[in-house]
Amino acid sequence: MAGAIIENMSTKKLVIVGVILLLFQAFAFMVGGLIAPSPTTAVHYLATKCVDKVKKPQQTKWFMPWGEKKCVNIQSFDEAMAKGIEANNIVFAVHIPLPNKEMSPWFQFMLVILQFDIAFKMYNQIADGALVHIDVGLAYRDDMNSEWTEMAHSLEQRKLSCNFTATKTHENEGRHYECDLLPFMEVGSVAHKYYLLNIRLPVNERKKINVGIGEIKDIRLVGIHQNGGFTKVWFAMKTFLTPSILIIMIWYWRRITLMSRPPVLLEKVILALGISMTFINIPVEWFSVGFNWTWMLLFGDIRQGIFYSMLLSFWIIFCGEHLMETEFFETLVLGRGELKMCDLCVPAIKILPKLGRHPTKKSQDQMERNRFSIYWKQVGPIVFGSFCLFIFDMCERGVQLKNPFYSIWASDIGTELAMAFIIVAGICACLYFLFLCFMVFQVFRNISGKRMSLPAMTKARQLHYEGLIFRFKFLMLVTLACAALTVIFFIISQVNEGHWHWGEHTVQVNSAFFTGIYGMWNLYVFAIMFLYAPSHKHYGDEQSSGQCITGDAGVNIGEDMQLTTTITHVDGPTEIYKMIGKEAQE
């Protein structure tokens, strides 16, 4: 009997497979919760105020906040004024990491956030729309005795967004403003052990540079990087899952190609889903440990975007392919003769006229539905949204490959676009899930309508189709749960990424959530390819040579046509595929 594994596998074996997958899913959550540390770490730094006595240096000089070659520093600007030191001769120096520590390639990336400590003064208040002009340089070295090597240098602007909660009176002078965090730097690779930031705030009253920004007391930085322990667990998962998905994908497609008919749309989409899962699984991040590949963050975003697009499109097509009307004939009553069906028969739409009947709109629609172009209205917005995500990513992380201090959040227009993107992306994700729920509801209603035909069948066939319906409904519910968790993960990721730019409360996402969702994607793709693969190992030569299968219209055909009325092949569509209404033959 031809069909998919989900149809022909015994209930006992199917339950065993389900339990094994459930155990792997629990293990994926436990790996993140019990083994891996928190995904990221935030380290706070206070910039040291170094004094640059040379007004016009001939070469770049780097100022160390501590160590054997530490700079001459001051504690406050009041001390600088007492010593006659101008603001242009003060350099804010920050060494990353803190003393007696070192960075590691396992940290994967380094994100730095800036915050100003600004005191309120009646004669020097923060002007509306004040811009801070920053002259910043980044250097690195791999041991404590070597000289610093310049990595990047840039002149940046950041808009101050500060609020003074107390009354602006002389009595409150010296109290600090509450200022939002400002995006400062992002590096896509941590290939060196030590980094040094030198920040200058040049003042030019004639050009209105750094005028009206208040009295800056200190500069604080927050350095964020991925934990090395989490990185190792993440790489280990990718290394383990890559061959698993690759092997099941090759096995699945080999079984499809051995069939006498060409693959149908759903089978092709399942293969594409497996390819996208393999693409995101391949642990190319191992190379980032030994090479300074600053583009790895951008490449990771592109891979994840491709997978998201394929996964969301698959769910639409997966549900849409099962919403087809199953009736190929205007009525199920074919008369009192025999209907012959064979592997070499022409499509039903050509047989109908010979039987004295004409194809209905339902039959024509069903013959047309095995094409990807039919779903352009549903898949089109997903592709367009993914393209917008790619453009948004290129506008920030693409530019950061050349200038790590660039941020789309630095300008008003960029901030509004970024905020709008995150909000719209979250809304679209929720709308997509609601639309998917509606499609699943339609599928269930479609199946419920076909269950009315079951009492007319024999007891054995009735139990058979009852089992198929239960298995398919359970798979659809699992799909819906997977979609819900994916949408939640996408929204939380966007909110968490934007937290440091907004200055709002963050959403704590622990390692168990990351590893659990990632494991869920792999297990779901694995299960789909396994369950929808043809279950037969040997193909009947006698059927494929053209031997016809006959059935009495009043008995056998009557029973078979209750749920599926298509002209089928021995290697034809799976029973679930036929039962829900999809014809396999073009």
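Our numbering is plain: 1 for the first residue shown, then up by one each step along the chain.
Including glycine, each Cβ sits where the backbone N, Cα and C put it.
The following features are taken from TrEMBL:
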- 48-226: domain 'Wntless GOLD' (DOMAIN)
- 227-325: domain 'Wntless-like transmembrane' (DOMAIN)
- 364-536: domain 'Wntless-like transmembrane' (DOMAIN)
- 233-253: transmembrane segment (TRANSMEM)
- 265-286: transmembrane segment (TRANSMEM)
- 306-324: transmembrane segment (TRANSMEM)
- 374-392: transmembrane segment (TRANSMEM)
- 417-447: transmembrane segment (TRANSMEM)
- 468-492: transmembrane segment (TRANSMEM)
- 512-533: transmembrane segment (TRANSMEM)
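Across the domain 'Wntless-like transmembrane' (227-325), the DSSP tally of helix, strand and coil residues reads 78 helix, 0 strand, 21 coil. Per-stretch counts of Cβ pairs under 8 Å to the transmembrane segment (233-253) identify 512-533 as the leading one among 306-324, 417-447, 512-533. Through the fold, the transmembrane segment (265-286) approaches residues 108, 231, 234-235, 238-239, 241-242, 245-246, 248-249, 252-253, 256, 296, 299-300, 303-304, 306-307, 309-311, 313-314, 317-318, 321, 369-372, 521-522, 525, 528-529, 532, 577, 582 of its own chain, all at least 6 residues removed from its boundaries and within a Cβ separation under 8 Å. Contact between the transmembrane segment (417-447) and the transmembrane segment (512-533) is not supported: fewer than 3 Cβ pairs lie under 8 Å, counting only residues 6 or more apart in sequence.
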